Amino acid sequence: MPGAGTFKLFIGNLDEKTQATELRALFEKYGTVVECDVVKNYGFVHMETEQQGRDAIQNLNGYTLNEFAIKVEAAKSRRAPNTPTTKIFVGNLTDKTRAPEVRELFQKYGTVVECDIVRNYGFVHLDCVGDVQDAIKELNGRVVDGQPLKVQVSTSRVRPKPGMGDPEQCYRCGRSGHWSKECPRLYGSAGGGREPPSPLSAGGYRDRMYGRDPYPPPPPPPPFLRDRIMDGFRDYDYYDRRFEDSRDLYERRYQTSRMRDFPPPPISRREPMPLPPTLSGSLRSCSVSRGYDTMFSRRSPPPPRSSNGMSRYGSPTPHGYEDFSRDAFDERMISSRGMRGPSPPGRRYAPY
């Protein structure tokens with residue numbers, strides 16, 4: 001088991017057929033190998049001292065083993081606190097420049113904890129104990145492989161790769177508090193885009209379950225069509241229409257005479273029935289009272305019977321039928337035409 005004073009190295013980009021014995025034999029050239037383990041396409045090597053490990057990194061990083069260029073660097077313990085370092089950006093590199101060359105340039109100014117090359121630029125993590133300002137001042141503009149280097153302190157933040165952080169965090173931006181489908185990056189938060197939907201809004205959780213947007217409400221109908229539709233549902237009473245207009249008595253009674261098929265108004269809406277008027281032989285004797293319904297006709301009292309059972313018109317009156325005088329017929333005709341006139345005092349109905 002490796003002791004606490006060993007220097008642990010990480011070896012990446014290994015061939016799956018690479019054995020631990022091959023890796024141990026490769027690193028024993030630079031010092032004592034305390035332990036060597038291979039896990040699929042990467043492994044770990046524990047060197048006896050830090051200096052032996054630095055020598056192995058400088059010589060074996062980028063070395064071709066089983067047709068694969070291996071990556072050798074100091075392993076970072078997740079339990080132990082990281083060594084404070086300064087991240088330096090190195091730009092304007094050529095395709096021929098390798099990480100060992102860049103590492104060798106910075107080793108003069110302190111311990112190089114990590115050195116990575118990404119296409120035409122790279123990053124160097126230099127121990128804070130070293131002289132970072134001198135390294136930037138002297139190496140900025142130095143020509144390497146025919147191109148001047150650009151060296152400065154890196155301003156980028158170390159961010160986890162999408163999907164590799166906390167499972168409760170958004171895999172697009174690495175932040176918590178929202179789902180990946182509501183990430184501000186999708187809606188252009190910096191460019192004045194539309195706002196992401198709220199999870200508490202109507203249909204928010206339903207959209208998350210089914211993955212589709214809710215159907216929008218239908219547009220309202222045009223004003224003229226809406227008025228036409230609403231007119232069909234308005235409840236008008238015949239008697240309300242009869243009394244709401246400002247027509248005169250003649251027109252109202254004319255309309256009433258044309259619509260005799262309708263039933264009489266409710267009792268609560270009827271006006272009190274006036275006393276029966278007196279009868280007269282002339283047309284002026286007819287009195288039409290306001291509110292009197294013309295559907296019911298007044299009848300005159302039966303004439304006095306003669307001793308021989310004959311009516312005043314000379315025809316016999318059969319039993320079971322009642323006589324109607326011409327005065328009652330005239331009154332019905334005048335009432336339907338709307339004629340008005342006061343009734344002079346005269347004789348009233350005879351008691352039945």
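Quick reminder: no glycine exception, Cβ is built from N, Cα and C everywhere.
Keep in mind the model is a prediction, meaning the values are calculated, not measured.
Over in Swiss-Prot, the protein carries these features:
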COMPBIAS  214-224  compositional bias 'Pro residues'
COMPBIAS  262-277  compositional bias 'Pro residues'
COMPBIAS  279-288  compositional bias 'Polar residues'
COMPBIAS  320-334  compositional bias 'Basic and acidic residues'
DOMAIN    7-77  domain 'RRM 1'
DOMAIN    86-156  domain 'RRM 2'
MOD_RES   Ser198  phosphoserine
MOD_RES   Ser201  phosphoserine
MOD_RES   Ser315  phosphoserine
MOD_RES   Ser325  phosphoserine
REGION    187-228  region 'Disordered'
REGION    254-352  region 'Disordered'
ZN_FING   168-185  zinc finger
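The DSSP breakdown of the domain 'RRM 2' (86-156) into helical (H, G, I), extended (E, B) and coil residues amounts to 19 helix, 28 strand, 24 coil. Within the model, the domain 'RRM 1' (7-77) carries an average pLDDT of 88. Each residue of the domain 'RRM 1' (7-77) gets a DSSP state, and the totals for helix, strand and coil are 22 helix, 27 strand, 22 coil.
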